[in-house]
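Annotated in Swiss-Prot:
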type    : residues                                                                             : note
BINDING : GLY10, VAL11, GLY12, LYS13, GLY14, THR15, ARG127, GLY199                             : ATP binding site
BINDING : THR31, ARG36, ALA57, LEU58, VAL59, GLY85, PHE86, PRO87, ARG88, GLN92, ARG160, ARG171 : AMP binding site
BINDING : CYS130, CYS133, CYS150, CYS153                                                       : Zn(2+) binding site
REGION  : 30-59                                                                                : region 'NMP'
REGION  : 126-163                                                                              : region 'LID'
Amino acid sequence: MNLILLGPPGVGKGTQAKLLIDRFGIPQISTGDILRAAVKELTPMGAKAKGYMDSGALVPDEVVIGIVEERLAQADCQKGFILDGFPRTVPQADALGQVLSGMGKSIDHVVSLSVDKGELLKRLTGRRACANCGAGYHVDFAPSKVAGVCDACSGQLVQREDDKEETILNRLAVYEAQTAPLIAYYQAAGLLRSVDGLGTVEGVQSGILAAIRA
């Protein structure tokens, strides 16, 4: 089964991907992870990417696609894969389709997880980290025993810049601008499966399984 997992920051893609990996025995492919791995291993495409990254430039689509193609050609992808965070744009989706076609493969389902903006803000702005040991907490879902104090080392709990409301709103705006055309693209192709990301981890997983088996 070849899946694409879409969803805004804070929707729970990582958690759901792990459950799907365990259930289907297929790898999760995150472009950030495979880009770093390709650069470290100096694969042909990794070497190209390193040149751009060393100069502070964005890695162009054709190099990212090449790295994705290298990864999809590996043996553990023969039974399927989960693409997480890729494609991000319609041109990337077109290029991915061409790569897969050349490999005799195609995307089976595109799962789009959605949660309303208020809930996403609550999930993300509530995150706290210990300034001393790095332990993670959440003011609503996983609070420390003493407010603002780490249970493990008594360090101060802080909110990262990435978790501040203004930063999150900007990230969500970028995601929506990029992904709206992509959702329309996959909907037109008959591949989109929309799943409500609000609920328990198990409940959302059941929703995903029902959607891809429908």
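Cβ coordinates come from backbone N, Cα and C, glycine included.
Contacts of GLY14 (ATP binding site) defined by a Cβ separation under 8 A and a same-chain sequence distance of 6+ are given as ASP84, in order along the sequence. Residues of the region 'NMP' (30-59) grouped by DSSP class, helix first, strand second and coil last, total 22 helix, 1 strand, 7 coil.
The average pLDDT for the region 'LID' (126-163) in the predicted structure is 96. The Cβ of THR31 (AMP binding site) lies under 8 Å from the Cβ of VAL64, ILE67, VAL68, GLY85, PHE86, each of these being in the same chain and 6 or more residues away along the sequence. For the pair VAL11 (ATP binding site) and CYS153 (Zn(2+) binding site), the Cα-Cα distance reads 30 Å.
Taken over all pairs of the listed AMP-binding residues (THR31, ARG36, ALA57, LEU58, VAL59, GLY85, PHE86, PRO87, ARG88, GLN92, ARG160, ARG171), the Cα spread reaches a maximum of 31 Å, rounded to the nearest whole number.
Note on ALA57 (AMP binding site): other Cβ atoms within 10 Å of its Cβ, all shown chains, come to 9. Separation of the C-alpha atoms of ARG160 (AMP binding site) and ARG127 (ATP binding site): 8 Å, rounded to the nearest whole number.
Looking only at Cα atoms, CYS130 (Zn(2+) binding site) sits nearest to GLY10 among the binding-site residues GLY10, GLY12, LYS13, GLY199. Comparing Cβ neighbour counts within 10 Å across the binding-site residues LYS13, ARG88, ARG127, ARG160, the minimum falls on ARG160.
Checked against GLY12 (ATP binding site), the binding-site residues ALA57, VAL59, ARG88, CYS133 differ in C-alpha distance, with ARG88 being the nearest.
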